[in-house]
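Reading through the structure tokens given below for one structure.
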Amino acid sequence: MPYDINVVLHAQVVKNMDKNPAQTGHRQRSALTRQLSSLYAVFILTLGLIFPLAAVLERERGVNLYLAEALQVYLYLVAIAYLLYLELYLLRVYNPNRRPIPKRHVIIHVEKGDPSYSKHLDPEEEGIEFTDKERPEVHHGEQGISHYLRLGAILFGVGALIYDGFRIAEFVLENGQGCRTIADLVITSLHLIFTFIQTFFLFKHCTIVINKHKAFARFGVMHLLVTNLCVWLLYAVLETEEDYRKDTLTQSELDVNDTVKGNNSDDNGPLACFADVTITDQASPYLYPCVLEYSILAAAVTYGIYLSIGTAAPVRVKMPRITKAIQNTVRMGCQKSNIGLFLGILVMILTLVVLSLYFAFHNNDAIEIETADGLSLILFSSLELLLLLLSLVAAIVGFFRLRSLDHRGWKWGTLNDGVMLIGTAGVYICNVLICIALFQVFLDLDVTVILSLVASLFAIFQASFQTLFISDGCRRYAKDKEQANEKPGRRSVVFLLICNLCMWIVDTLAVKKAEEHNALYADLYGNLCWKIVTHLAVPLIIYYRFHSAATLWMIWSRAYEM
């Protein structure tokens, strides 16, 4: 028996078939502003790639470096100004929490088991439009990013803020050595302010939909998007160049520089900046990836806000109380996931123990350097291989178990898939290059080489199957009460979630350090080339693991709703 459900629209209903010239002109203007904002983004991204590359290739500080610095100042100032405009003016004048006055009631007939019975309806998808006068100026749309990815944005944002704070402290404490210029201080300070304001805005208003001054909003949000992408490019290029310059210093060059300083009491030599290891250098392997991961996540969220500009407020379907009770029962508790949870806890404990042993061997001066490096690499590769094997099995089992659930569309599925594929590309790039290098010496039958090769191959297969599983699992929902109670595949989902958290911890703390102590890759590809790979791919791998864990949590909590 169908249910008659009263749906309260917040604007007058206009049928799509009633086309008029005003609406046609409005759509044409919207399409034009989208095209212009896209061209603006491509142009700024081109400059964000060319200027730092040209500055790195210059032997001395020249015009290209000044252009790169000017571009960063422009990006940060405009982005900060637009965020302040949104936060201090638009969201205060047009309160998104204000509910428009209902204008009309519409009866929608919904059958039992229909997917639309328990979700939000989009008026535009149902053949309904808002007029410009009745469309809410600012409102909150559907949930575009999970709560745990929002927490991840705060986590990575805090890491980026700490990293900028260290760089500012390094400038203050260098005592006029000249390693950091005033321009570096200004740019770092602007990036710190931009990161702080943007993190606050995205955590609080990640579902915001702007319908006021839409052309200006598209350019403003697109500028935020392109700023985050340019930060990713700029930091990756400039940090790689700085790291490479430090590695190319030989002891003889340092000795020559010390002699010059002793004779001339001048500490401003070009090599003096790299002679001492600062706190920024020590923290860089752990905090620098946070900048890149934060930029990727912030760019994805701002792109979702950009796509939602000009859309109507979702129509909420009034659901019977019995359905709400069923959903509340399904959401609460850890039913059908206890086994996966406790197995995952065991894996987490094992991971922390092995990581402790890894750093103990790595920092033990009583053991010979070659022996310590060999033992630490064996421990690291064995742990990585075990985690990959367990997570691959969990992904395969979970994939086939969740296929019994109902498959439905997800508004943000394409955006989530795109972000996942970016991280998967980082896994592919790093591990394929590692496999190519290790195949060259595979016949030596070295234990570390064999373990590293097998682990890299498993990483490629595991990332491929896990990405497929997550993309499919985000669109699965229980089709009846029996599946909501049985929860097929929930044990595999929670176990895979914990395995990804373990790999995220391992990659964050040890992967860059472990690969730096294997000179095989640098010998084959060249030191500079391998630096570029590690500075670009490793942050993507770390982000992929965190994003996978956050999305798996969303599957664990939502896939078994009816």
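Cβ from N, Cα, C; glycine included.
Here TrEMBL flags 36-54, 74-94, 148-169, 181-203, 215-238, 294-317, 338-361, 377-400, 421-443, 449-471, 492-512, 532-556 as transmembrane segment.
Here the transmembrane segment (181-203) does not touch the transmembrane segment (338-361). Their Cβ atoms form fewer than 3 pairs under 8 Å, with each pair 6 or more residues apart.
Two recorded stretches are said to be in contact when at least 3 C-beta pairs lie under 8 angstroms, sequence spacing 6 or more; the transmembrane segment (148-169) and the transmembrane segment (377-400) fall short of this definition.
Sequence-distant contacts of the transmembrane segment (338-361), counting only residues of its own chain at least 6 positions beyond either end whose CB sits under 8 Å from a CB of the stretch, comprise 367, 372, 375-376, 379-380, 382-383, 386-387, 390, 394, 490-495, 497-499, 501-502, 505-506, 509-510. Ranking 74-94, 215-238, 421-443, 532-556 by CB pairs under 8 A with the transmembrane segment (492-512) puts 532-556 at the top. Panel annotation: around the transmembrane segment (377-400), residues 340, 347, 350-351, 354-355, 357-358, 361, 447-448, 451-452, 454-455, 458-459, 461-462, 465-466, 468-469, 472-473, 489, 492-493, 495-496, 499-500, 502-503, 506, 510, 514, 517-518 of the same chain, lying at least six beyond its termini, place a Cβ under 8 Å from a Cβ of the stretch.
Within its own chain, the transmembrane segment (449-471) is flanked in space by residues 377-378, 381-382, 384-385, 388-389, 391-392, 395-396, 398-399, 402, 413, 416-417, 420-421, 424, 427-428, 431-432, 434-435, 438-439, 441-442, 496, 500, 518, 520, 544, 548, 551-552, 555, which lie at least six positions past its ends and keep a Cβ under 8 Å from the stretch. Per-stretch counts of Cβ pairs under 8 Å to the transmembrane segment (532-556) identify 421-443 as the leading one among 74-94, 215-238, 421-443. Outside the transmembrane segment (215-238) by six or more residues, the chain places 29, 33-34, 36-38, 40-41, 44-45, 48-49, 52-53, 55-56, 68, 71-72, 75-76, 78-79, 82-83, 85-86, 191, 194, 198, 288, 291-292, 295-296, 298-299, 302-303, 305-306, 309, 535-536 with a CB less than 8 A from a CB of the stretch.
Tertiary neighbourhood of the transmembrane segment (74-94): same-chain residues 44, 48, 136-138, 187, 190-191, 193-194, 197-198, 200-201, 205, 208, 210, 212, 220, 223-224, 226-227, 230-231, selected by CB-CB distance under 8 Å and a gap of 6+ residues from either end.
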